[in-house]
Amino acid sequence: MKRKIAAVAAIAATLLGAAACGSNSDDDAPTTSASGKVDGAGKTLKVWLMVDAQSAWKPVVDDASKRFTDATGAQVNVEYQQWANHLTKLDATLAGSDVPDVVELGNTEFPKYVFSGAFGAVNPGDYENSSSWLQGLKGACDFEGKTYCVPYYAGARVLIYRTDLFKAAGIAEAPKTYDEFLSDADKLQAASKSNAKFGAVYMPGQYWYAAMSWVKSTGGDIAKQEGDKWVGQLSQPSSIEGLQRWVDMAKKYSKADPTKNENDQANTFAQGTAAMFYGNAWEQGAAEEVKKDPNNPDSPMVPTKVKGKLAAAPMPEVPSFLGGSNLGITEKSQQKELAAQWIKAFTDSKSMAGLVKANALPNATSLLDQAATDNKTIAPAALAAKNSWFPPNAEKWADVEKSAVLQTMLTDILTGKKSVADGAKWADDQINSTLNES
Amino acid sequence: MSVVDSPATRRPRDPGGPQQNRVPGHAAPRRRKRNSGLVPWLLALPALLFIAGLLGYPLIRMLVLSFQNMRLRELISGRTPPWVGFDQYTRVLSDGVFWGVVGRTVAFTVVSVLISVVCGLGIALLMRRVSHGVRLFMIIAMMFVWALPQLVAAQIFRWMTDSDFGVVNYLIDLLPGVNYQNHSWFVNPWQGWSVITTLVVWAGIPFLAITLNAGLTQVPKELLEAATVDGATPWQSLRNIILPILKPLLMIVTTLSVIWNFGLFTQAWVLRDGHPEPQFQTLATYSYTQAFGQARYSLGSAIAVITVLLMFGVMVFYIRQMFRIGEVD
């Protein structure tokens with residue numbers, strides 16, 4: 001008897017397993033449509049957004065969800081994630097069956113998940129402005145002729161500077177050329193000579209988005225695809241030139257910790273020990289005002305030492321890294337059509353206008369000019385976004401980021417532990433072995 | 001070997017109940033034999049199941065995983081990862097980076113355990129000499145350190161050594177002729193590891209000092225007095241009386257410290273802000289970054305298995321030592 005039950009159970013398990021495999025096969029994965037009407041009465045959509053949406057543009061999320069609920073009858077449950085651990089959490093969640101339907105990931109994080117079959121294909125034509133989606137965002141969604149995510153918002157990095165210190169040093173306006181940027185830095189440094197903690201530029205050593213922007217400024221590159229292999233390009237002469245340019249600048253003008261990254265730069269800059277930094281447009285606001293209680297999203301804002309003394313301009317002659325996020329529908333989601341409807345509402349022109357108000361860049365080039373006129377704060381960033389770059393669209397690029405290859409190399413060449421050429425060579429070797437790993 | 005005998009070791013050898021009941025051969029009725037064998041097992045069953053579920057299952061899963069090649073795709077789809085035999089192990093063992101990490105972890109363990117035990121013993125000896133009130137104060141102070149979660153302590157150390165706003169840089173900078181403004185403690189690996197070691201030793205001393213202090217109360221005063229009368233120096237008393245009595249306890253706390261420090265994770269992780277550079281990777285962080293950072297779950301498992309085996313190599317030595325001490329007693 002017992003044996004019989006066991007046999008039945010085994011057969012049932014096999015069948016269930018086979019069924020599960022069948023539904024997971026990605027050979028003929030259907031594309032989820034966002035057109036037409038979906039009845040979602042009694043259902044709840046689970047959405048994972050990053051914490052920025054909660055702190056900077058929660059009204060946009062609420063408005064899109066409300067319009068979605070009105071149209072479909074389904075409820076939305078938005079959970080906000082932290083950048084520090086969201087991928088580990090996502091991995092663990094995707095391994096189970098109770099998965100979020102919509103997930104936001106950074107654009108450089110997407111390819112790894114798309115290649116691994118975590119997201120379902122979408123039909124770009126269903127979404128507003130999809131014909132002019134920013135290439136830096138959309139590139140991460142493309143795989144074998146299909147699109148696996150929807151661009152959400154972008155951020156381009158700009159030069160943020162202290163107007164009061166510029167004035168005191170006799171500088172009338174933001175630098176227009178890289179040489180001007182350097183001579184301004186000299187003047188600022190001379191004007192604040194008495195302060196031993198002062199550096200004209202705040203440039204943390206492991207800020208690889210900045211360093212790679214400098215690499216791009218001299219025509220260099222991180223890696224490029226040759227056939228079906230990726231080849232690191234950092235030890236090419238044009239890349240070396242850019243790295244050297246960055247190292248010279250950071251060594252001379254920056255007092256920042258060579259082992260820190262850019263995560264805290266706005267807060268550090270707010271202490272008033274630097275005159276310029278290279279950051280996202282919204283970091284200007286983050287430097288001028290902070291939440292009284294950082295753990296409470298509703299706490300009042302308090303001004304910092306640099307409140308009202310900051311302005312932004314495009315970083316002269318340095319192409320901007322185009323960061324940003326995309327939204328994907330998980331492959332395991334049981335309500336893909338509903339998920340597509342929500343993304344559609346959250347990325348339409350109305351939502352994008354809301355994001356622009358909150359100092360984020362919209363997801364399409366067609367919206368950039370309008371954004372620049374609507375919101376003066378992000379005008380420099382909108383300009384910078386037109387001359388932008390993004391990391392190699394390789395399946396394993398996220399692993400390069402995670403293994404801190406570029407960060408380690410930058411600390412090494414900045415502190416003189418390795419020469420620029422040796423550091424670049426080492427980084428190339430690491431990049432080659434990571435990107436081409438089978 | 002030991003100067004004192006504990007009453008426990010004098011107990012006559014007890015061959016154990018179940019063995020006595022066992023009748024040689026198959027003369028006894030089968031039923032009765034089975035019952036007497038089954039009851040202890042039944043009683044132990046809940047505990048055994050608990051251990052098997054809590055320790056055994058994950059351990060076996062990890063072992064199995066290390067012979068497969070589980071990546072993100074397999075994790076998400078739930079498909080059985082392909083079997084690759086010893087590939088993960090050959091890959092780990094033939095990787096120079098891995099051996100660098102092993103060397104670093106071992107060096108850190110040796111240095112940090114040595115410093116902790118010596119400091120812990122020193123403080124324990126000091127505690128025997130100070131007045132009652134001071135001793136109480138020391139115990140309470142150390143209890144506070146002990147009670148502090150590792151994560152919190154590490155975060156405090158991170159702020160103290162912060163290059164922009166850290167109090168350590170501020171204080172050193174006050175010394176005349178020293179410029180420590182914006183000094184970064186983690187550029188030079190020696191300095192970085194000094195900070196990590198200081199943190200680990202600082203957090204490890206309370207347990208060692210309090211335990212060893214308890215052990216020291218077992219040293220009979222008469223023996224020390226007799227030794228002094230016979231003209232022994234304090235150093236001789238320490239070497240020939242106190243340390244031999246303390247040896248079993250020292251062995252245990254050293255072993256525990258080795259286990260804890262060998263698995264260093266939180267302190268290095270927090271002080272390096274969640275992205276330890278290659279020169280700050282230990283076996284634990286290395287295995288974690290491989291498995292969870294880079295989605296090489298099988299490779300991470302293989303590293304973890306090797307770590308356990310390496311630890312076991314050290315442990316066997318200590319366990320044997322401990323048994324030997326027990327036999328001499």
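First residue shown is number 1, and so on along the chain.
Glycine residues also receive a Cβ, built from the backbone N, Cα and C atoms like all the rest.
Just so you know, TrEMBL annotations never went through curation; they're auto-generated.
Residues annotated as domain 'ABC transmembrane type-1' in TrEMBL: B:102-318.
Under the heading region 'Disordered', TrEMBL lists B:1-31.
Residues annotated as transmembrane segment in TrEMBL: B:38-60 (among others).
A Cβ distance under 8 Å defines the sequence-distant neighbours of the transmembrane segment (B:106-127), meaning residues of its chain 6+ beyond its ends; these are 135, 138-139, 193, 196-197, 200-201, 204-205, 207-213, 215-216, 238, 242, 250, 253-254, 257-258, 261-262, 264, 282. Per TrEMBL, transmembrane segment is recorded for B:106-127 (among others).
Long-range contacts of the transmembrane segment (B:134-157) within the same chain, counting only residues at least 6 positions beyond its ends with a Cβ under 8 Å from a Cβ of the stretch, are 123, 126-127, 195, 198-199, 202-203, 205-207, 209-210, 213, 266-267, 269-271. Residues annotated as transmembrane segment in TrEMBL: B:134-157 (among others).
Within the chain, the transmembrane segment (B:190-212) has long-range Cβ neighbours (under 8 A, six or more residues past its boundaries) at 108, 111-112, 115-117, 119-121, 123-124, 127, 138-139, 142-143, 145-146, 148, 150, 153-154, 157, 161, 246, 249-250, 253, 256-257, 260-261, 264, 267-268, 271, 279-280. What TrEMBL records for B:190-212 (among others) is transmembrane segment.
What TrEMBL lists as transmembrane segment is B:249-270 (among others).
Per TrEMBL, transmembrane segment is recorded for B:297-319 (among others).
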